[in-house]
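Novice: Take this structure, written in C-alpha cells, and hold onto it; I'll ask about it next.
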Amino acid sequence: WQKRWVNSECKPDLGKFKLTAGKFYGDAVRDKGLQTSENSKFYAISSRFKPFSNKGKTLVIQYTVKHEQKIDCGGGYVKIFSSNLDQKNLSGDSHYYIMFGPDICGSETKKVHVILNYRNKPHPIKKPIRCKVDGYTHLYTLIIRPDQTYEVKIDNKMVASGNLEDDLDFLPPRKINDPTVRKPTDWDDRIQIDDPNDIKPEDWDEPEYITDTSAEKPEDWDDAVNGEWRYPVVKNPLYRGEWKPRQIDNPNYRGVWPHPQIDNPNYSPDVSIYSYENISIIGLDLWQVRAGTIFDNFLITDDEVYAEDFGDETWGETKGPEKEMNIKQTEEEQEKERVTEEKYFEQRFKKKLERKKESGKDRAVRNAIEKEEL
C-alpha cells in the first residue's frame, strides 16, 4: 500500500497513516485499512490510477469508514481529482472534482458531504444526509448517472436520491418571478389582525418608574458635596407595559400571494454536469481531532450492481463478526473493571478492620494503665 499511496509534503507535521484492522474487526486480514494515527492533525494522502472519463457512463465511488475511536470532530470523506494533481502538494486548497463522505464535528454536524465541482466552483448538495456514528465499519456509496440523477447509499441502502440540477445549485433556476407583475394592493396576506373590539382599559397607562416619597434623606448627605438631595426613582409595580390589542384571525385573509413566474432568460440547460475528464486520483485530505478512523475497500466503477455485490462480499461478510468481537471485548472490559473494583473495596474493608483491631488494642492498654493508676 505504501507504494500505491503517496503522502503529501505540503506541511512538515501532517498526520501519518498506518495499516491495521483496528481494535476489533470481522477478519484480521481482510479488514486492514488506512488508519489515522495522530490526534489533532491534518492528513493528506492519495493514490493514482489510469485516467478515464465518465462521460456517457455511470460513476460509482464507494469505500468503507470505521470511526472506532468514536470520533468527536473530524472528516471521513474522500476526494476525487484529475490527473494533473501534484500529489506531493495535496492540501485543502487542491482543486478536486468530487468530495464525498461523512463529516462529524460536535453534536450538531453529523452529515454526509456530496460536493461536485462545476465550472471551477464547488457545489454542495442541499439535502441533509446524516452519517453513521456508532463506531462500526460502514459502507458509503455515491452513484452519479448520465441522466443527471444521483443516489447516496449507506450500507447498501439508499438514503438520498434526486436530480443533480435540482439538488445542487449548478445553474440558475428555470423559472423566476415575473418582475412586471406586482401584488394587488387589496390582497390581504395578514393571518391575524388587531381585534377592533378590544379597547385599552382606562387604568392601563401607568408610568414605568415613580418617585419613592417614603425614602428619607441620609443624615450624612452633604448638599455642597453631593448636590441637592432628591427622592429616588423606583420601578412602578402598577406598570403593565405597552398596551396592545389582542389578535384575532383575519376574516379577509387570502393566503400567500402566488407571484406569477416566467422562464428565466439566464437559464441555459447543461446535460454534461455529471461528467468529468481525466479522473485519475482518489485522496484523503482531512482533519481529525481524535485519530483512529480506518478507510478501506475503495472502489471506483461504472457498474452499480458490481459495486453493491462488492460491498456485500467485503463489508457485508465482516460486519457481523466485527460487532460480535466488539461486544465481547466490551463485556470482558466491564468484567475486568468489576473485578478490579471488588478488589479495591475488599482491600479498603481489610484496612478498616485492621484499624479497628489496632484501636481496640489501644483501648485495652489504656484501660490497664488507668486501673493501675487507680
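Numbers here mean position along the shown chain, with the first residue as 1.
Cβ atoms are placed via backbone N, Cα and C, with glycine included.
Whatever TrEMBL says is automated annotation, not expert-curated.
Feature annotation from TrEMBL assigns alpha-D-glucoside binding site to Y77, K79, Y96, D103, D285. Positions annotated as compositional bias 'Basic and acidic residues' by TrEMBL: 179-202, 319-341, 355-374. The disulfide bond annotation in TrEMBL covers C73-C105. Under the heading region 'Disordered', TrEMBL lists 179-205, 312-341, 354-374.
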Novice: C73 (disulfide bond): which of the binding-site residues K79, Y96, D103, D285 have a C-alpha within 10 angstroms of it?
Specialist: D103
Novice: Whole-number Å distance between the CA of Y77 (alpha-D-glucoside binding site) and the CA of C105 (disulfide bond)?
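Specialist: Distance between the two Cα atoms comes out at 13 Å.
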Novice: Let's see if you can do this one: DSSP helix, strand and coil counts over the compositional bias 'Basic and acidic residues' (319-341), in that order.
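Specialist: When I sort the residues of the compositional bias 'Basic and acidic residues' (319-341) into the three classes, I find 23 helix, 0 strand, 0 coil.
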Novice: Which one of these binding-site residues has the most other Cβ atoms within 10 Å of its own Cβ: D103, D285?
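Specialist: Result for the most crowded candidate: D285.
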Novice: Which residues, sitting 6 or more apart from C105 (disulfide bond) on the same chain, put a CB under 8 Å from its CB?
Specialist: D72, C73, G74
Novice: Can you name every residue in this chain, apart from Y77, K79, Y96, D103, D285, with its Cβ inside 8 Å of the center of the Cβ atoms of the recorded alpha-D-glucoside site?
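Specialist: Near the alpha-D-glucoside site, beyond Y77, K79, Y96, D103, D285, sit G75, V78, M99, F100, G101, H113, I115, G283, L284, L286.
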Novice: For the recorded positions C73, Y77, K79, Y96, which one has the sparsest Cβ surroundings, going by other Cβ atoms within 10 Å?
Specialist: C73
Novice: Let me know the largest Cα to Cα distance in Å among the alpha-D-glucoside-binding residues Y77, K79, Y96, D103, D285, as an integer.
Specialist: 17
